[in-house]
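Have a look at the structure below before the remarks.
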Amino acid sequence: MRECISIHIGQAGIQVGNACWELYCLEHGIQPDGQMPGDKTVGGGDDAFNTFFSETGAGKHVPRAVFVDLEPTVIDEVRTGTYRQLFHPEQLISGKEDAANNFARGHYTIGKEIVDLCLDRIRKLADNCTGLQGFLVFNAVGGGTGSGLGSLLLERLSVDYGKKSKLGFTVYPSPQVSTSVVEPYNSVLSTHSLLEHTDVAVLLDNEAIYDICRRSLDIERPTYTNLNRLVSQVISSLTASLRFDGALNVDVNEFQTNLVPYPRIHFMLSSYAPVISAEKAYHEQLSVAEITNSAFEPSSMMAKCDPRHGKYMACCLMYRGDVVPKDVNAAVATIKTKRTIQFVDWCPTGFKCGINYQPPSVVPGGDLAKVQRAVCMISNSTSVVEVFSRIDHKFDLMYAKRAFVHWYVGEGMEEGEFSEAREDLAALEKDYEEVGAEFDEGEDGDEGDEY
């Protein structure tokens, strides 16, 4: 088996996690108490969904997941919610004291006390796997727990499970909508370790997803639940090929191989189509060509950056539902002829496609319409650098005056860590610039010394 362990850290990670597991359960017909009436092989078996669920002898399906937070309120909602019987109580780890939006508290003082417990639980899950493929890590880098404890866990996972791939789904601060003043600090410090310790990171951004909900689903005032359900569709599409059998299956390591041209250039944009409300879906013909086009629309991107300002290096299209390879090839050919979608000149093919025959499921009473086919795109575009340059700019404004820095130093950090992380991000911005530049100086000009 190719099992994946999901790790949900901090409030954002946990709430996205709730939406994802709710959707997985729907897709596989698993009830909130973990029973699965349709499962013929009770107590194990080699079903494809066993990559995400482990089965007990009593026929109960338990998610291979860990939820961690430094304060109890969010995890208590899981403990008392609809899916309280789905999770093993040991999988829900909560501390007593908040990270208070402070990276240093999440990484050094408070996170340090809880991290061994987390690794212990992860070790138990890993021992329960026959062929662990990797980790999916969900967190946000604006807060204290997601950024601090998230980085700490990633660093420790690299030590304990060196070769296993780590995919991050990371919520980055939005340009306009901010939830805390020190977001830029936390994000820069946290990205510093995301660079080292994740193999692929998919960037999400609340503002971009708000706009998609507002525009495509006509929700006037989207809530986090609306956002998370949209994000969970993306994550479900990515992992569908691990959980179902399909025509062109893509596993986690394939993403890495096809999307990451250089180790540091691994921050991805994602988009999903069709995002459409039930009223509209009834009147529209959502062909493969149409949904492929709308996945490339700048307004469909789930992070606030405009792919027209950069070039694509590679992209991965995951179709699900009633889709045949012939349609996909035609749709991709059309995309390639478009002038607005530019690829770097050193990556001529640039497309990786996967097809899964399981049609997309939707949460009953949710916002999305039930459709016959859908596509999720993960793309590596140089325009992602906009996300970083925005955060870096805000970081510089604050750090020039050393505003709020004493809170971090008081928790045992050194100022040197700030400048080190900031320099690392400056180097990242430069890397993206070089990758997007046309090659004039032969194959490999000044990139030889980088790696």
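Placed from the backbone N, Cα and C atoms, the Cβ positions cover glycine too.
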Determine which of Glu71, Glu284, Glu290 appears in Swiss-Prot for the same GTP site as Gln11, Gly144, Thr145, Thr179, Asn206, Asn228.
Glu71
Tell me whether Thr179 (GTP binding site) sits in a helix, a strand or coil according to DSSP.
coil
Hey, how far is Asn228 (GTP binding site) from Glu254 (active site), Cα to Cα, in Å?
25
Cα-Cα separation of Gln11 (GTP binding site) and Glu254 (active site), in Å?
29
Largest inter-residue Cα distance among Gln11, Glu71, Gly144, Thr145, Thr179, Asn206, Asn228 [record-listed GTP binders, Å]:
22
